[in-house]
Amino acid sequence: MKFFALFIYRPVATILISLAITLCGILGFRLLPVAPLPQVDFPVIMVSASLPGASPETMASSVATPLERSLGRIAGVNEMTSSSSLGSTRIILEFNFDRDINGAARDVQAAINAAQSLLPSGMPSRPTYRKANPSDAPIMILTLTSDTYSQGELYDFASTQLAQTIAQIDGVGDVDVGGSSLPAVRVDLNPQALFNQGVSLDAVRTAISDANVRKPQGALEDSAHRWQVQTNDELKTAADYQPLIVHYQNGAAVRLGDVATVSDSVQDVRNAGMTNAKPAILLMIRKLPEANIIQTVDSIRARLPELQQTIPAAIDLQIAQDRSPTIRASLEEVEQTLVISVALVILVVFLFLRSGRATLIPAVAVPVSLIGTFAAMYLCGFSLNNLSLMALTIATGFVVDDAIVVLENISRHLEAGMKPLQAALQGSREVGFTVLSMSLSLVAVFLPLLLMGGLPGRLLREFAVTLSVAIGISLAVSLTLTPMMCGWLLKSGKPHQPTRNRGFGRLLVAVQGGYGKSLKWVLKHSRLTGLVVLGTIALSVWLYISIPKTFFPEQDTGVLMGGIQADQSISFQAMRGKLQDFMKIIREDPAVDNVTGFTGGSRVNSGMMFITLKPRDQRHETAQQVIDRLRKKLANEPGANLFLMAVQDIRVGGRQSNASYQYTLLSDDLSALREWEPKIRKALAALPELADVNSDQQDNGAEMDLVYDRDTMSRLGISVQDANNLLNNAFGQRQISTIYQPLNQYKVVMEVDPAYTQDVSALDKMFVINSDGKPIPLAYFAKWQPANAPLSVNHQGLSAASTISFNLPTGRSLSEASEAIDRAMTQLGVPSSVRGSFAGTAQVFQQTMNAQVILILAAIATVYIVLGVLYESYVHPLTILSTLPSAGVGALLALEIFDAPFSLIALIGIMLLIGIVKKNAIMMVDFALEAQRNGNLTPEEAIFQACLLRFRPIMMTTLAALFGALPLVLSGGDGSELRQPLGITIVGGLVMSQLLTLYTTPVVYLFFDRLRLRFSRHSSQPVSE
């Protein structure tokens, strides 16, 4: 009593405390960062190494394996995968959530250093690492185009200046430049001219390397002066290399220009990038795992004007893709939904109270509770994201409940004629324990979420804490500010009486009367009602087992990613044509705003595309509908496939794949893996539950196998090293020298003229100078034949791996796909030497599926313990928890009706329903127990009276929660696919629960009361001797 009086009789202090909470919340709101979702990125580091010209198998065995053995010893590595292709190896290290990425980076560098002595000596540079996940979609893509500058010059500008500057911006993890390569001097050799002049390829390489050196020359000085010695030992341009003497034939000088075409070109001519229909250089910017995407994008945009000033007028710099607009639009939609929810909740209160003064009280309590929560969010290091704002939207119905319960009870005393301050004191004292029970038991629901580990726990933590803080502030407001405002604003007596005799009040009285009559009938037929309770329990279990499930709702972020996979023997020229064809088809779609893409590099038969869709208000289709439409058009392109997927805010794992979900095959027997992977992929592609099935196993590339005749080589004076050097010099784009410039270093690249590499006959023109100085054709000591070879070699851990990727067809869920894959693997009879498991998002889904039931049961158990402690009873908590099955049935039926799978968002809704629907039972049980203790009523009379007396606050709180969630169901626009499952679950559960628990709770209360009396009688009987 003294606690309530302290605030009721000191209105100024109470108002100032509430104002302080509000001001702190406003300050916290202004300081909170903005993000699409809570920070759930795994720390990921990518290690890259190159050895130009080396086959994928050579890269895997000589580069990837030594690095993997060293990197695998690092503590906290969750998963290590690698992919080796032509001349390139990339290793992805995914660390545990609690691992600091900077400390992990230091360990990675130490491991690279330790493995350095085991790596091939011919590597042009040491392995490097980046603190970025290559499988993440770029947060921004910039393009450089020009009608004046060459692609190599644009690439040089992008790589040397723009990428370096952008990489220094806070939050940027990696800037990947694509579409070409650095400028270089290319030496395209003429094999016939070399043979005629008697010059070997190795002699040309040596001559070029010796002619371009950078060494210190020292200085001269006398007693008064000092002169730095400088020579013309460096060659900078193709024109400088052209007259270089590489050999003497019969006393005549053979110059480089006599046996080769020397040009200013690029390091790797097998690269192409495009934006819409124009050649372009792409800067793909990815954020650090722990960085905020909005802040990072804003920082980049703030630097763009400065970067524009450094760009020559003939170069056009454009933003081709930006992830932030749809994120901002989604958050604006949630904020609008929050405002609408607050307005609807206050409208519900007004309809019940029909008094402006009375409505003002919860109208003040709700914003104070919600705004005050922002301060706690800031202190906890949270962000304004879709989940935290949805938590506040749902909290609207919660926080008003406490104020309603207190206000309604005080109003009841005022209508009985009690003075306002006395009514405020008496009313708040009567329901203080009820409000405390409701709030504590609601917060208890979220304790298991706070203890949940892994990605789901990280994802739900902000939601749970935000909602719990809002409920806690609401509890404080309802026991302090609300009674004070009731005591000073409301009046007693007749002014409140007519509210029950007009309009909605008359309707409510009529409904309450009908409820009383029907409740009498239900109490007389309690066995039938008991069967209904048991039926809802069984139905809720069956619905949960049968409903389709997925990890997270498929988002429409307005951005698509596409992976091109062509025939494994395709040439770069043909692949570039495929890229152009695909981009033309996509550009013609009415929903597409911008398309960029690139191909080439170490994977000649693959490419990537990034598609920006028009804003939601300018297109009628969702991202998935656009994909379905494009899929039909793209299927007609022969020799290549383009796999499209919508970019999601959550993507787990570091594997780059052409689809959203992955299933990985592992084996220590590479031949078994290569035998079974095609069979498994074919079986999965036939499943209707899967779409866009593809694999990263590419072991059918065209290869030319050369077999040396070692005896002949020995007789002719030719070593294997001589022969290998010949092939590397001729076909490996060998980097033979370095050109040093003020801002960067460039390479001299040597290979035979492309005109001689169009078919296998080029090998007939190759020759080696033997130890006697005679040219020996390759065909004299080697034979060759076509064969198949892998285009890439993949590892997970230290085992050979192949990842099958897939998307979900429209109307299918991840649970259906997972079950179909498991059935297919069983039917195929895959041997134990080949192990299959889900990876990435699909793996997290499997783990979440196993934890969902435990999580729900843990929440129920926690609520039972809290209620048992509060009521000092084992029985009454069971009565209160009997409301849950009907809510579960309503929620799951609503998801089925709206064709929405059960996702992590729907799980949040179920957890919320556990907290919401028990409030009705708490209000009934509290008043029934009070009536039994102080009113000398029988249990039947007590529960009947409690149901009638609490009917109005029960209806008010339920409708407030329902209307608070209704905007989530009805909302459209950006991000609605996240909001709708939560709203559908809550509204469906509330409707079903309200229809049933008003009748089932009294019956369950009486059942447990009779059970309690029966046990007490048995325990009180004397034991016979």
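Every residue number used here counts from 1 along the chain in the order it is shown.
Keep in mind that glycine also has a Cβ here, set from the backbone N, Cα and C atoms.
With a threshold of 8 Å between CB atoms, the same-chain residues lying at least 6 positions outside the transmembrane segment (15-35) that come near it are 292-295, 327-328, 331, 364, 367-368, 370-379, 382-385, 473, 477, 480-481, 484. Residues or ranges marked as transmembrane segment by Swiss-Prot: 15-35 (among others).
Within its own chain, the transmembrane segment (333-353) is flanked in space by residues 359, 362-363, 366-367, 370, 386, 389-390, 392-393, 396-397, 400, 404, 407, 411, 499, 504, 508, 952, 955-956, 959-960, 963-968, 971, 973-976, 979, which lie at least six positions past its ends and keep a Cβ under 8 Å from the stretch. According to Swiss-Prot, the transmembrane segment annotation covers 333-353 (among others).
The transmembrane segment feature in Swiss-Prot is assigned to 360-380 (among others).
For the transmembrane segment (387-407), same-chain residues at least 6 beyond its ends with a Cβ under 8 Å from one of its own Cβ atoms are 37-38, 331, 334-335, 337-338, 341-342, 345-346, 349, 353, 358, 361-362, 365-366, 369-370, 373, 377, 427-428, 431, 434-435, 438-439, 442, 459-460, 462-464, 466-467, 470-471, 473-475, 477-479, 482-483, 486, 912, 915-916, 919, 923, 953, 956-957, 960-965, 967-968, 978-979, 982, 986. What Swiss-Prot records for 387-407 (among others) is transmembrane segment, and it gives sequence analysis as the kind of evidence.
Positions annotated as transmembrane segment by Swiss-Prot, on the basis of sequence analysis: 431-451 (among others).
Beyond the ends of the transmembrane segment (469-489), by six or more residues, the same chain brings 3-4, 7-8, 10-11, 14-15, 17-18, 21, 357-358, 360-362, 364-365, 368-370, 372-373, 376-377, 391-392, 395, 398-399, 401-403, 405-407, 410-411, 420-421, 423-425, 427-428, 432, 435-436, 439, 442-443 to within a C-beta distance below 8 angstroms of the stretch. The feature transmembrane segment is assigned by Swiss-Prot to 469-489 (among others).
Here Swiss-Prot flags 528-548 (among others) as transmembrane segment.
Same-chain residues lying 6 or more positions outside the transmembrane segment (851-871) and placing a CB less than 8 Å from one of its CB atoms are 433, 436-437, 440-441, 444-449, 452, 456, 544, 877-878, 880-881, 884, 907, 910-911, 914-915, 918, 922, 925, 929. Residues or ranges marked as transmembrane segment in Swiss-Prot: 851-871 (among others).
Taken from Swiss-Prot, the feature transmembrane segment applies to 875-895 (among others), supported by sequence analysis.
According to Swiss-Prot, the feature transmembrane segment maps to 897-917 (among others), an assignment based on sequence analysis.
Annotation source Swiss-Prot lists transmembrane segment at 953-973 (among others).
Sequence annotations record features per position, and here Swiss-Prot assigns transmembrane segment to 984-1004 (among others) based on sequence analysis.
The stretch in 360-380, 431-451, 953-973, 984-1004 that contributes the largest number of Cβ pairs under 8 Å to the transmembrane segment (528-548) is 984-1004. Packing against the transmembrane segment (897-917) from elsewhere in the chain are residues 394, 397-398, 441-442, 445-446, 449, 456, 459-460, 463, 467, 544, 547-553, 811, 813-815, 848, 852, 855-856, 859-860, 863, 883-884, 886-888, 891, 961, 978, 980-986, 988-990, 993, 997: each is 6 or more residues past its ends and has a CB under 8 Å from a CB in it. A Cβ distance under 8 Å defines the sequence-distant neighbours of the transmembrane segment (431-451), meaning residues of its chain 6+ beyond its ends; these are 4, 398, 401-402, 405-406, 409, 457, 460-461, 463-465, 467-468, 471-472, 474-475, 478-479, 855, 858-859, 862-863, 865-867, 870-871, 880, 911-912, 914-916, 918-919, 922-923, 926.
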